[in-house]
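> After the structure tokens below, expect a handful of questions from me.
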Amino acid sequence: MYIKQVIIQGFRSYRDQTIVDPFSSKHNVIVGRNGSGKSNFFYAIQFVLSDEFSHLRPEQRLALLHEGTGPRVISAFVEIIFDNSDNRLPIDKEEVSLRRVIGAKKDQYFLDKKMVTKNDVMNLLESAGFSRSNPYYIVKQGKINQMATAPDSQRLKLLREVAGTRVYDERKEESISLMKETEGKREKINELLKYIEERLHTLEEEKEELAQYQKWDKMRRALEYTIYNQELNETRAKLDELSAKRETSGEKSRQLRDAQQDARDKMEDIERQVRELKTKISAMKEEKEQLSAERQEQIKQRTKLELKAKDLQDELAGNSEQRKRLLKERQKLLEKIEEKQKELAETEPKFNSVKEKEERGIARLAQATQERTDLYAKQGRGSQFTSKEERDKWIKKELKSLDQAINDKKRQIAAIHKDLEDTEANKEKNLEQYNKLDQDLNEVKARVEELDRKYYEVKNKKDELQSERNYLWREENAEQQALAAKREDLEKKQQLLRAATGKAILNGIDSINKVLDHFRRKGINQHVQNGYHGIVMNNFECEPAFYTCVEVTAGNRLFYHIVDSDEVSTKILMEFNKMNLPGEVTFLPLNKLDVRDTAYPETNDAIPMISKLRYNPRFDKAFKHVFGKTLICRSMEVSTQLARAFTMDCITLEGDQVSHRGALTGGYYDTRKSRLELQKDVRKAEEELGELEAKLNENLRRNIERINNEIDQLMNQMQQIETQQRKFKASRDSILSEMKMLKEKRQQSEKTFMPKQRSLQSLEASLHAMESTRESLKAELGTDLLSQLSLEDQKRVDALNDEIRQLQQENRQLLNERIKLEGIITRVETYLNENLRKRLDQVEQELNELRETEGGTVLTATTSELEAINKRVKDTMARSEDLDNSIDKTEAGIKELQKSMERWKNMEKEHMDAINHDTKELEKMTNRQGMLLKKKEECMKKIRELGSLPQEAFEKYQTLSLKQLFRKLEQCNTELKKYSHVNKKALDQFVNFSEQKEKLIKRQEELDRGYKSIMELMNVLELRKYEAIQLTFKQVSKNFSEVFQKLVPGGKATLVMKKRRXERQSGLRMKEKGVVKGERGSGPQSSVPSVDQFTGVGIRVSFTGKQGEMREMQQLSGGQKSLVALALIFAIQKCDPAPFYLFDEIDQALDAQHRKAVSDMIMELAVHAQFITTTFRPELLESADKFYGVKFRNKVSHIDVITAEMAKDFVEDDTTHG
């Protein structure tokens, strides 16, 4: 076993968690500068293992915590991991960790992460070979110097610690304490014995007079017994007579109470009926108010529908007249349009003919004019150009321009032709689209009418269902009121039951229910929920006749909780306490109840109570535990006999009990407060309430829910229909808008057609003129340049002038005729388009908007709805009349019940008066019985006070009369007065003191034996202590000589035990704490040597090996003293070896040669034990197996594994690694 690893955090200079690399199992050396934390590392190990840090005050614990920059450390720990492969520690693990944690208010040990006590840790270390008597497996700084300069007595003390004499001294202290205590007891016993001897002598003289006194006293007690016994028998006879009378009176009282209870039951039943009827009246009145409100609402709806129907009828009538007028106007418009179109048809051919002539004349006029212009231009070019070539050049240029202009004109003409053709095509397409839209419009109108009809059908159905739902709501309200009344009745019964039960028990039941609800909400402990079965009272039934006896027998056990097992009850109680709930609970765990079969007596006068209970067989143990040992008997006499004969509890039906132990209990029991009766009423009310709720849920609420669903479906249908209606109406509006747009486009196209045609004619005329000019220029090209026209050209110009004048005159005539005809056409077309056709469109639109069919549908739906609302009004009024009749009948029933209530009240009062009278008589008998019982008790008390009597006292004076008995008693009392001075207790005192004397003598002998045993034990302890010191001295002395010779070759050293001079051993010396030997001591023990003769352990050494040069410690130098002290430490460790050693700078005062010797010694010892040392010298490094360096930076220590070379650097120049 050895230290494998050390982990430090927050301890002294080690702030951060420092995990030291695993140590070697042999020699480990730690090096570092002064103040770097080497000693703190040793302190950390000592902090866990040593007794030195066992009892720390808070300020001492705080002093061990790291103090430096940064946040303050609030706790620290040191953990040592041991290699336990040799199983030296009694733990079956190869590695064992031991951690100590401290803080300002805590100091804890953890063994393998489990908390343990300080004693556990110390015992564990001792079992591994760490001796409390030898603390030298850890040698701190200065310990060597301290030992080197210690006196001889200090070394003797050290030797005694190594020898383990502390245990002997502790045992000796205990023995001395026991001896003191024993001596005190012996002295007290001697004093008591002396007093008892004196008292016995006095009592011996008083015994003779006491004998005479006892003779007369015995006679007196016999006479008094006979007198008291006769009085007791007379009193008993009177009590029996009184009991018979009371029983007769009690039977009468029971009959009266039963009659009174019947009257009260009847009254309660009548009260219940009255409450139910009043609740029914309240419900009917509330329903009537609802019906009245509904009727008012229905009348409002009916009025609205009537007005709506009238408006629709008026509207339909007005629409019909307007439609006729519009149709008539439409017909007139069509006739006028036809007339105007006919007029237009007659005018247009004339207009077209004139226009065509005019266009030809204009074209010819333009052509002639152009030709004439060309001829005049030809004449002018003679003076314009100087040569033929110049003219030809200009003509060619003009021809080129004319060609381009002619091409442009042709393109324009072609474009207008194309535009006119497109206009015609669009006109046809527009007409087709218009006809298609007109067809679609008719289909949409039909679909809208169909949706309107369907909407009103669904709406009527929805209104019918709403009426049915209103009726069901009224029914539900009535049922709810009945339910509330039933719930109130249940709460009253539960309150009565709670009043008859203790608060603690009730709180317990409520708390258990809360625990189970908590389990159910969390979905946990299902087996606990299934394993809980409620209280005893809820798990059985019996006939009402047995309620009293059953309830008296069970008592509060009626409220015990039945569970399957103790595990279930434990789980419930754990949660019960966790939730800190109030109350008192008692469980009956079926798995723990030990119930045996009972042999019941076979008799007609009694039956087992359990046979009259009905319960689930699985709870048999629980009910046998509560009721299994009880019989129901016919009378108290039978109960008394059976209880004595069969050792069973017996009870009558009235609740009078006879315990098998002999106790009798009973009396009047108020059955009105029977908890079983109340529980039965509660259960019945709960069942009725459950039935009402089930009826409400199964019938009404289900139907209401069904109707609600149907209404929701119908509302959805109505919404869907409304959506479709909006969709189709939007489609209709869209079609109408599109038709209007198409018509406007067609009219616009017709308006632009004629201007385009005129533009085409103008372009064609212009084209002819251009082509004529081109032909003229081409003809002129190449001809001679002339200043005058040729004869032929001059003739042509004259002809053209004549033709132009004629054409201008004709064109003026044609223009006037065309303008006249065009005015007629324009006027007719304007009248057609702007007046007749526009008005026709308006008429058509008004006709479409009338929607005669749609208005009829709305009227039909409104009429149907009006019929339905009339029916509902009629039904509501009929139901209201029925309710009035029912209320009258119910109020009459309440009056009859109240009359009956008065009769039963009077009857109950009569019974009450009779009971009160009987109670007074019973009280008188009770008072007399009390007096007799008191007299009986007095007689019995006086008989008991007489004490034990001889047998003859019971028979000797039985024949004498009371007068004779009193005469004899007077004689006895006279004789007894003569002995009034006699000590009546003399004999008893004599016997008592004699017994005390014997006990004290025995106790004295026991104390003497104990005293002797303690003396013997002390002698044995003293001898063993002496032997242990002697043996330890021999071993340490031998080891010391051997070790010194190894450390100082050729040297010699011995230990010398120093004794007192002229000390003589004269037995056991008891000087500790002032104790001396007692009178009965064991005498002198000259054979037992005392360790007190030893005064110290001296050391004699010679570094040369010569006998004559042996010197004491005081004569040695400092280094020699340190070496001798080290030798002594090694010797002690050899005597009492530990698994590992920690040496802190033990070579500080040694020279190089001796340091080398110490290093060799450690190497030799490291074969069997682990060494962890610190040093500033290189010699110890040579024997080391592993090296560690400690650094101190920022006030924090760090320890790491280093190489041998680095360790030597530390030793040679520690500033390099500071």
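Cβ atoms are placed via backbone N, Cα and C, with glycine included.
Given the structure is predicted, the values throughout are model-derived calculations rather than measurements.
OK, Swiss-Prot features for this one:
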- GLY32, ARG33, ASN34, GLY35, SER36, GLY37, LYS38, SER39: ATP binding site (BINDING)
- LYS105: N6-acetyllysine (MOD_RES)
- LYS106: N6-acetyllysine (MOD_RES)
- LYS140: N6-acetyllysine (MOD_RES)
- 179-350: coiled coil (COILED)
- 242-268: region 'Disordered' (REGION)
- 393-503: coiled coil (COILED)
- 530-642: domain 'SMC hinge' (DOMAIN)
- 669-916: coiled coil (COILED)
- THR783: phosphothreonine (MOD_RES)
- SER787: phosphoserine (MOD_RES)
- SER886: phosphoserine (MOD_RES)
- 958-989: coiled coil (COILED)
- SER1013: phosphoserine (MOD_RES)
- 1067-1089: region 'Disordered' (REGION)
- 1067-1080: compositional bias 'Basic and acidic residues' (COMPBIAS)
- LYS1191: N6-acetyllysine (MOD_RES)
> Of the recorded positions listed here (ASN34, SER36, LYS106), which is spatially closest to LYS1191 (N6-acetyllysine) when Cα positions are compared?
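Nearest in space to LYS1191 (N6-acetyllysine), counting only the recorded positions, is SER36.
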> Suppose the ATP site is GLY32, ARG33, ASN34, GLY35, SER36, GLY37, LYS38, SER39. Which further residues of the same chain have a Cβ inside 8 angstroms of that site's Cβ centroid?
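Leaving out the recorded residues gives ASN40, VAL1190, PHE1192, SER1197.
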> So if I exclude everything within five residues of the ends of the region 'Disordered' (242-268), which remaining residues of that chain have a CB under 8 angstroms from its CBs? That is, six or more out.
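Contacts of the region 'Disordered' (242-268) (Cβ under 8 Å, skipping residues fewer than 6 from its ends): 654, 668, 671-672, 900-901, 904-905, 907-908, 911-912, 914-915, 918-919, 921-922, 925-926, 928-929, 932.
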> Using DSSP, what is the helix/strand/coil residue split across the domain 'SMC hinge' (530-642)?
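Tallied per class, the domain 'SMC hinge' (530-642) gives 57 helix, 21 strand, 35 coil.
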> Nearest to SER886 (phosphoserine) by Cα distance: which of the binding-site residues GLY32, GLY35, SER39 is it?
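Of the binding-site residues GLY32, GLY35, SER39, SER39 has its Cα closest to that of SER886 (phosphoserine).
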> For SER39 (ATP binding site), find which of the modified residues LYS105, LYS106, LYS140, THR783, SER1013 come within 10 Å, Cα to Cα.
LYS140
> Between GLY35 (ATP binding site) and LYS140 (N6-acetyllysine), find the distance joining the two CA atoms and give it rounded to the nearest Å.
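On Cα coordinates alone, these residues lie 15 Å apart.
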> Let's check the environment of LYS140 (N6-acetyllysine): how many other CB atoms sit within 10 Å of its CB?
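Step by step: centre on the Cβ of LYS140 (N6-acetyllysine), count other Cβ atoms within 10 Å, giving 18.
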> Out of these binding-site residues, GLY32, GLY35, which one has the fewest other C-beta atoms within 10 Å of its own C-beta?
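The binding-site residues GLY32, GLY35 were compared, and GLY35 has the fewest Cβ atoms within 10 Å.
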> Whole-number Å distance between the CA of LYS140 (N6-acetyllysine) and the CA of LYS38 (ATP binding site)?
11
> Distance check, please: Cα of LYS106 (N6-acetyllysine) against Cα of GLY37 (ATP binding site), rounded to an integer number of angstrom.
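The separation of the Cα atoms works out to 25 Å.
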> Nearest to ASN34 (ATP binding site) in three-dimensional space, by Cα, is which of the modified residues LYS105, THR783, SER1013?
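Of all the candidates listed, LYS105 is nearest in space.
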> For the recorded positions SER36, THR783, work out the Cβ neighbour count at 10 Å and name the residue with the minimum.
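Counting other Cβ atoms within 10 Å of each of the recorded positions SER36, THR783 gives the minimum at THR783.
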> Using the alpha carbons only, what distance in Å do you get between LYS105 (N6-acetyllysine) and SER36 (ATP binding site) once rounded?
28
